[in-house]
């Protein structure tokens, strides 16, 4: 008999489906735009594509699996564990991609004249590969042994059962809270968050310093360059806020689960925290793409060419973006 679904669960599933319906097309459009427009082929947009790929997978794979876990079907322990791990891999990949983009924008401000020689497509590809490898290591760690199999086996044996335990597949039944708090949060979520805070503060400081210097020198070209970077820095500050808003609630709840097992957590708060983490994937195309004019123009061309059947003129590709000239 299928497990019954509460009203809270039904609302949660509906919101998750809505997030997936926004996240998948939005991030596919980002990838499509980079493919269509040659002006979107530099290192910055390589990182954005990596983020978009992870976010497509969050909408197409993680959210359906999260809904499955939430319903709690009865499965073998390791089957449930394998269902839980992709959530960890892909959400970790999104976090690392956000950090890579922040570092990339910092380098554009810190070393504008040398940026293109330092951040080459080859190095960007290596960074992207490194982010994905780290994500698989972090996300698959429970599969290598850091899980709750020992506890489940003892309870299974105490009931006189033999063989691999069969459980109601729920995230907290297979994933150790020690792993989620000490390893996932304290090592792979909180430090990137704090590092992004420092990066964004430094970006604002450097831009303000350069704008003040160039204003006194009455130099138009650097003014334009750093003015554009200031707009991007404001977007980074928004990303920082959305990242914290999306990820901290769930990890705070995990800390409460670990450090205060007797504390009651309202179901509605758990559901809100979970879909906030997934919702971050739907926010990213809006924040990263729609604030960049090259993306807006390309999106409009894709819409006209493929959905309205009214081919638009070829995109005027901007010349390579150079740093300020002294």
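A Cβ is built for glycine as well, from the same backbone N, Cα and C atoms used for every other residue.
Because TrEMBL annotations are produced automatically, they should be read as predictions rather than curated entries.
Under the heading transmembrane segment, TrEMBL lists 12-33 (among others).
The average per-residue pLDDT of the prediction over the domain 'G-protein coupled receptors family 1 profile' (26-288) is 88, rounded to a whole number. Residues or ranges marked as domain 'G-protein coupled receptors family 1 profile' in TrEMBL: 26-288.
The transmembrane segment annotation in TrEMBL covers 45-69 (among others). Listed by sequence, the residues of this chain that lie at least six past the ends of the transmembrane segment (45-69) yet keep a Cβ under 8 A from its Cβ atoms are 13, 16-17, 19-24, 26-28, 30-31, 34, 80, 83-84, 86-87, 90-91, 93-94, 97-98, 100-101, 104, 121, 124-125, 127-128, 131-132, 169-171, 274, 278, 281-282, 284-285, 288-289.
The transmembrane segment annotation in TrEMBL covers 75-103 (among others).
Residues annotated as transmembrane segment in TrEMBL: 124-146 (among others).
Summarising the annotation, TrEMBL assigns transmembrane segment to 185-207 (among others). Outside the transmembrane segment (185-207) by six or more residues, the chain places 92, 95-96, 98-99, 102-103, 105-106, 109-110, 138, 226, 229-230, 233, 236-237, 239-240, 243-244, 247-248, 251, 254-255 with a CB less than 8 A from a CB of the stretch.
Look at TrEMBL and you will find 232-248 (among others) tagged as transmembrane segment.
Residues or ranges marked as transmembrane segment in TrEMBL: 268-290 (among others).
For the transmembrane segment (75-103), same-chain residues at least 6 beyond its ends with a Cβ under 8 Å from one of its own Cβ atoms are 44, 47-48, 50-51, 54-55, 57-58, 61-62, 65-66, 68-69, 127-128, 131-132, 134-136, 138-140, 142-143, 147, 149, 152, 164-167, 169-171, 173-175, 184, 188-189, 192, 195-196, 199-200, 236, 239, 243, 247, 277, 280-281, 284, 288.
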